[in-house]
Amino acid sequence: MRHLLSTRELSREQAVELLDIAEDMAAVQEREVKKLPTLRGKTVVNLFFEDSTRTRISFEAAAKRLSADVINFSAKGSSVSKGESLKDTAQTLQAMGADGVVIRHHASGAPYTLATSGWIDAGVVNAGDGTHEHPTQALLDAFTMRRRLHGAASRGRALDGVHVVIVGDVLHSRVARSNVWLLATLGAEVELVAPPTLVPVDTSSWPARVGYDLDAALAGTPDVVMMLRIQAERMHAAFFPNSREYARTWGLDDARFDALPPSTMVMHPGPMNRGLEIAARAADSQQSTVREQVANGVSVRMAALYLLMSGDRGDA
Amino acid sequence: MSERFLITGATLASGERADILLDGGVIAGVGSIADASGATVVDADGLIALPGLVDLHTHLREPGYEQSETVLTGTQAAAAGGFTAVFAMANTFPVADTAGVVEQEASLGRAAGYATVQPIGAVTVGLKGEQLAELGAMARSRANVRVFSDDGFCVSDPLLMRRALEYVKAFDGVIAQHAQEPRLTEGAQMNEGALSGELGLTGWPAVAEESIIARDVLLAEHVGSRLHVCHVSTAGSVEVIRWAKARGIDVTAEVTPHHLLLTEDLIAGYDPRFKVNPPLRRAEDVEALRAALADGTIDIVATDHAPHPVEAKESEWQAAANGMVGLESALAVVHAAVVETGLMNWADVARVMSSTPARIGRLHGHGEAIEVGAAPELTLYDPAAASEFDLDRLAGRSTNSPYLGRRLPGRVVATFHGGYPTFLDGAVRPRDEVARNATSAQGVVHG
Amino acid sequence: MARAVLSQADISRALTRISHEILESNRGSSDLVILGIPTRGVILARRIAETIARIEPDAAPPQAGALDVTMYRDDLTRTRTRTPQPTELPPGGIDGKTVVLVDDVLYSGRTIRAAFDALSDLGRARAVRLAVLVDRGHREFPIRADFVGKNLPSSTRERINVRLTEIDGDDGVAIDDTAATEGGEA
């Protein structure tokens with residue numbers, strides 16, 4: 001794998017392989033010695049144009065546990081104009097000899113630009129670009145679902161027939177996009193539920209059903225309910241009237257949570273707005289995978305970095 | 001170089017073969033011309049002779065943005081594309097909103113000599129959409145402005161638009177509207193549809209263009225004014241304009257070459273060369289625009305030639321500038337989009353790229369049919385020279401062409417402006433020669 | 001051209017002999033952990049553990065497992081990306097145990113070197129031994145096997161092809177002379 005830019009371009013075999021390698025990485029995380037020598041002498045740069053302490057720390061832990069050297073480059077607030085800074089920064093990284101670049105950017109497609117511009121030779125991992133994709137988040141979500149469903153027998157399996165409901169701001173969510181493509185590739189049945197204002201105008205090509213009624217979707221007893229973070233500024237742009245109405249209509253409140261079968265997983269990419277899209281009871285329940293998602297994030301990112309940075313470069 | 005040029009064996013837009021003699025300030029002969037002693041002979045066997053092309057929508061960037069383009073380099077690009085007149089958009093710095101700026105622009109064009117530069121005046125002061133610019137002063141200036149536009153920005157205030165439409169009636173002016181409802185396009189990055197949803201790019205909905213056009217044609221009808229719609233890009237806009245024309249509203253419309261050929265699919269790789277405003281649309285829109293140009297709903301092709309320096313496009317999509325250079329490639333792109341597809345013939349091309357744009361802009365001495373006594377403005381085009389469009393074909397200062405590496409069906413071979421070549425055998429003529437010829441040609445006209 | 005060098009019976013005899021030798025050198029089966037290196041080493045380790053259990057039915061049977069060395073290899077950026085396999089240790093781990101590493105073919109010794117690194121990250125074995133079905137020579141590291149099924153001097157352009165019923169449908173070892181393909185196991 002040369003780059004990891006989106007889940008859209010992953011085949012089922014590639015996705016399952018990555019999840020299987022993540023299982024091996026997870027096993028390493030349970031040992032006393034949590035480090036592998038695999039990427040010794042390699043340099044991974046965390047290039048963050050947008051703050052995200054959790055994602056950066058997760059990638060940092062993943063790279064360090066593979067023995068790579070990690071350089072954190074926070075480009076936010078840099079004084080160079082936006083357009084120049086990506087190219088100039090890329091050339092700086094190239095000069096420093098980066099082997100892998102993990103990029104988080106506010107602009108959709110920036111990782112593509114970095115990977116295809118010819119400015120750098122390094123493998124590029126998209127750690128979230130604008131409202132486009134966040135592939136490692138979707139991979140860790142799929143990994144978490146697979147582990148909960150199949151436990152030790154997870155290896156080699158996909159998510160065939162697993163019914164996943166994703167709820168919230170689909171329009172602006174890179175997590176939703178990456179999950180839709182990946183989950184569909186893995187055979188899951190994906191349903192999106194959102195206010196009509198927060199769904200792209202045309203989702204006819206998406207491998208997912210779209211609905212506006214959360215109660216109807218939950219009545220279908222999904223295996224997984226994934227709540228997306230809703231951002232307060234959406235309210236001011238008239239996407240919905242106010243947070244009370246949002247929570248009432250599209251929030252996983254106590255009543256909705258209690259009506260779910262105990263086997264239904266409750267997921268959230270974090271950080272959560274408790275009381276808005278998710279009630280505290282649901283978030284802290286046994287059904288919630290929120291903490292596992294964080295731990296699994298490191299394993300999945302180790303697998304991604306391994307696949308990107310091993311193998312000879314001629315072999316795309 | 002001599003003052004007489006004999007173009008032999010050219011194919012006219014009508015399909016007839018003819019020799020054309022340019023002598024001094026006019027076309028002195030069309031037909032079979034044996035006796036042309038002292039004339040420089042240009043062999044035009046297999047070439048199509050069209051009246052010099054007229055672009056109603058060019059960004060020359062001077063004054064203010066000379067790192068992108070100047071009047072000189074922009075008109076060299078025009079010459080390379082077969083254009084003999086360009087209408088220069090007002091979004092310079094300072095903005096072309098006073099008589100002084102438009103006169104400066106016109107005189108820079110005359111000094112360069114590659115093409116007639118007809119300034120467009122801003123509709124509102126500083127393109128800010130707040131108060132009318134001195135439209136009358138620009139109209140009465142030596143630049144003789146007849147087209148007014150805030151291009152790049154929409155005159156979105158309906159009252160201001162009404163007043164502008166009314167005001168320019170005093171001097172037979174026209175408002176060229178960049179139709180884009182600003183609130184519906186906040187942060188817009190590409191056409192809104194299935195692809196924008198996938199790519200996570202904020203959508204530029206077709207309705208933001210169509211609703212402004214609908215409003216403007218109704219305003220034009222109400223006040224009995226002339227309206228021109230810039231760069232129409234959607235099938236819905238075509239329907240609105242068709243309806244307005246059927247009602248007898250005095251509206252004209254343009255389409256760019258790129259909206260006739262390229263679709264939004266090209267954006268999938270986030271290559272900023274394809275970032276333009278209005279954005280590339282769906283294949284259905286391209287089909288509708290071609291049909292509208294062929295049936296006359298859309299009157300003309302205009303390039304929206306928008307040069308940008310390299311760094312404005314070497315970035316992530318969102319930070320990249322909107323716009324494409326288009327003068328050098330326009331004729332070949334139109335050839336590919338509507339001639340090769342059998343929708344239009346070369347006489348139609350002459351109409352939509354020369355005579356009608358000159359008429360809409362009230363520009364005299366351009367867009368005249370190739371006949372004895374007509375202005376000596378013409379273009380020779382080789383419709384059989386299919387080749388990959390490359391950097392050598394770009395004559396302006398900027399290289400932000402979406403066609404680099406794309407095969408286009410033909411190429412401009414020569415351009416004559418004021419009776420002299422500005423572009424010959426695939427090369428822009430030297431600057432001092434063109435300037436000298438322009439001075440003598442202007443002497444003929446004015447003397 | 002493939003040339004058969006070990007039959008099913010030869011393999012069975014070799015593994016039985018190796019099992020006896022392990023028992024002898026360890027003075028019984030106590031504290032023995034037999035770790036196979038994926039893919040075929042894991043099968044051989046399981047068979048050896050079963051054989052030992054049959055030979056000493058009254059003693060505690062030795063524990064078998066798998067030790068993947070992919071992440072410890074020194075050629076990760078030289079060949080195509082390798083997919084790691086699971087490492088499976090017996091519940092008691094390897095601390096204080098005698099670990100017998102099992103692989104199908106011993107060649108350059110690089111895999112075994114990687115295995116030492118992998119092993120040391122998992123704990124502190126009392127002793128580490130090496131058993132291989134075939135030793136084909138051409139060592140690039142100072143490594144030798146304690147228990148060898150068959151010494152098989154070979155040319156580097158030959159490929160040793162080990163087949164095991166659990167994976168390949170039948171047992172057998174053959175030499176392929178394939179100048180065109182990469183030679184043998186690393």
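Each Cβ is built from the backbone N, Cα and C atoms, and glycine gets one as well.
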TrEMBL Zn(2+) 2 site partner of B:D151, B:H178, selected from B:H222, B:H228, B:H231: B:H231
Candidate sharing the Zn(2+) 1 site with B:H57, B:H59, B:D151 (per TrEMBL), from B:D304, B:D348, B:D382, B:D390: B:D304
Mean per-residue pLDDT computed across the domain 'Dihydroorotase catalytic' (B:48-235): 97
Neighbours of B:D151, B:H178, B:H231 excl. site residues, C-beta within 8 Å of centre, Zn(2+) 2: B:H57, B:M89, B:S149, B:G152, B:A176, B:Q177, B:A179, B:Q180, B:C230, B:N277, B:P278, B:D304
Residue among binding-site residues B:N91, B:H178, B:H231, B:N277, B:H308 with Cα closest to the Cα of B:H57 (Zn(2+) 1 binding site): B:H231
Inter-residue Cα distance where the pair is B:H59 (Zn(2+) 1 binding site) and B:H308 (substrate binding site), in Å: 10
Collapsed DSSP category at B:H59 (Zn(2+) 1 binding site): coil
Binding-site residues near B:H59 (Zn(2+) 1 binding site), in sequence order, restricted to B:N91, B:H178, B:H231, B:N277 and a 10 Å Cα cut-off: B:N91
Fewest other Cβ within 10 angstroms of its own Cβ, chosen from the binding-site residues B:D151, B:D304: B:D151
Neighbours of B:H57, B:H59, B:D151, B:D304 excl. site residues, C-beta within 8 Å of centre, Zn(2+) 1: B:T58, B:M89, B:G152, B:C230, B:H231, B:A302, B:T303, B:H305, B:A306
Number of Cβ atoms other than its own within 10 Å, given for B:H59 (Zn(2+) 1 binding site): 26
